[in-house]
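Below: one structure, written as structure tokens.
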Amino acid sequence: MRLPDLRPWTSLLLVDAALLWLLQGPLGTLLPQGLPGLWLEGTLRLGGLWGLLKLRGLLGFVGTLLLPLCLATPLTVSLRALVAGASRAPPARVASAPWSWLLVGYGAAGLSWSLWAVLSPPGAQEKEQDQVNNKVLMWRLLKLSRPDLPLLVAAFFFLVLAVLGETLIPHYSGRVIDILGGDFDPHAFASAIFFMCLFSFGSSLSAGCRGGCFTYTMSRINLRIREQLFSSLLRQDLGFFQETKTGELNSRLSSDTTLMSNWLPLNANVLLRSLVKVVGLYGFMLSISPRLTLLSLLHMPFTIAAEKVYNTRHQEVLREIQDAVARAGQVVREAVGGLQTVRSFGAEEHEVCRYKEALEQCRQLYWRRDLERALYLLVRRVLHLGVQMLMLSCGLQQMQDGELTQGSLLSFMIYQESVGSYVQTLVYIYGDMLSNVGAAEKVFSYMDRQPNLPSPGTLAPTTLQGVVKFQDVSFAYPNRPDRPVLKGLTFTLRPGEVTALVGPNGSGKSTVAALLQNLYQPTGGQVLLDEKPISQYEHCYLHSQVVSVGQEPVLFSGSVRNNIAYGLQSCEDDKVMAAAQAAHADDFIQEMEHGIYTDVGEKGSQLAAGQKQRLAIARALVRDPRVLILDEATSALDVQCEQALQDWNSRGDRTVLVIAHRLQTVQRAHQILVLQEGKLQKLAQL
């Protein structure tokens, strides 16, 4: 049997004993007397234990024990001062207290630590590890929002003004009550009403400006994240897009980026507003009555503990309800889907009983959920009413002693009603921020992903012959590395010649075209262009010299001109029309209402299939490439358009690779390559 690790507890006792010895000696004489000295002693003790245990790497075991251990005594003595009067509260020091007091302190702290551990939900250690990872994501989001810092500062400024106005309204409400309850002063009454209206209008205006700044910040962050993510996606290798579903990428670009952009402004708004509200409200409450202010904090630990217990049980019952509803749905699907079998065996009543039992389980779980909710609300309400009764009792005593007025007590009660929700927000906001930042993890993983591509090439010669050589080229797709598509291909494509690549479906013809465009990297061998590896050429230069027309051309929403000149930095209209004429696309373009500026619709939806094919060929010809790849593109062309393409080929010494099925295209080729199962089967010179 493995013994538990006692090092954290031994270290805690030794370090605490050393700190108490220091606080009992010369260091303790420097501390003030009374409650301030007691709180300062507890703070120094907490800081010392925290720092020394963290230095030794033992904080994670006993970290939650330190807070009740060090601050239980100051809190207890402070509460005694509130109930019995400050003059009779014992100004004790933990360092000079008897050992029995220390044992009681350790026992109470250990009991609270054990209770907290029992109430912790299962998987707390894994959750802590997730929060560590989320902290890294949180800091990355903050850095990503750095350009919007001026807007956030402006939003914080308006936030402070809005909160200040909201906080001052109850103050002047109390002034109005005091004026109406005493000797009526018209000038003082008018002044109080004026300031109430002024601060109401000012807080509303400031709140609107605050919301505008945060909303504008969200839109800027959203655009920045989407731009960076889209830029990163376009740089990825094609293997990434084969492994990742398009719907998932759309989800990251739309919903996840929106969640990321909303994270900082919304959480900063809630956090800063709650923080300023708590500071402002407690400032006013302390100015009215310090004793009532401390009493208002009495129910906070109990409320937080009750909420922790409720949330743990609530999450558990929600999971059980989800499972029970799924089981009930499964009964319905099985019965309806196999209705013929149910009737053939006369099992209708049996299925009804099964469904009734499943519904009964759901009903019991719903009842348990509602009962626990009611008990939780009852506990919160009883705690809240108990503290309010205690405060009203103390407030009445202070009014009788002349320390408070009716208006001051009313203002204090208004402040106390709203401050509790802001304190709870501050307690839970950090955990919520860490939990909600998880949407950024996948987005950042895409942005950080390095494409499986060689280093960018730099070759961009002024002249290019267009000699293409495949030297013992083999290839397998990244998602299927054990299934090679090409196996040791060796052939040459020469300028001025048309090479026909034929073979059955799945033989690797389109893969040859993809390798020639440097869309994939061979797993073996080399693809050479003018005796240089094709990966050494500069990206834009290569794709201006090696151009492909696919079997199913892809057009983009926009004008005819934009689609033909797609990817070119500058292209004159005359050059666009010349390419369209060479592809026999000028006839239908001239018949359009706006000519080359006519919108083709999404994916070219306004065009026929043959028209799309001609625009795709014009898009290739406008670049005047040295190497042209026709991936079964001629199959959608008529004879006249195909003849125009042959005329374009005959006007220069270009290298043309045609992936074809038509006999007419093969007969006009200078060279025929036959692929079958990734191997070159036949090489015929015509």
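For all residues, glycine too, the Cβ spot is worked out from N, Cα and C.
Database features, via Swiss-Prot:
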SITE      Asp16  site 'Inter-subunit salt bridge with TAPBP'
TOPO_DOM  28-56  topological domain 'Cytoplasmic'
TOPO_DOM  120-148  topological domain 'Cytoplasmic'
TOPO_DOM  209-266  topological domain 'Cytoplasmic'
REGION    301-389  region 'Part of the peptide-binding site'
TOPO_DOM  315-374  topological domain 'Cytoplasmic'
REGION    414-433  region 'Part of the peptide-binding site'
TOPO_DOM  430-686  topological domain 'Cytoplasmic'
DOMAIN    468-686  domain 'ABC transporter'
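A helical conformation is recorded for Asp16 (site 'Inter-subunit salt bridge with TAPBP') in the three-state DSSP classification. Looking just at the topological domain 'Cytoplasmic' (315-374), the mean pLDDT is 86. Other Cβ atoms within 10 Å of the Cβ of Asp16 (site 'Inter-subunit salt bridge with TAPBP') number 21 in total over all chains. Residues in the topological domain 'Cytoplasmic' (209-266) partition by DSSP class (helix H, G, I; strand E, B; coil) as 53 helix, 0 strand, 5 coil.
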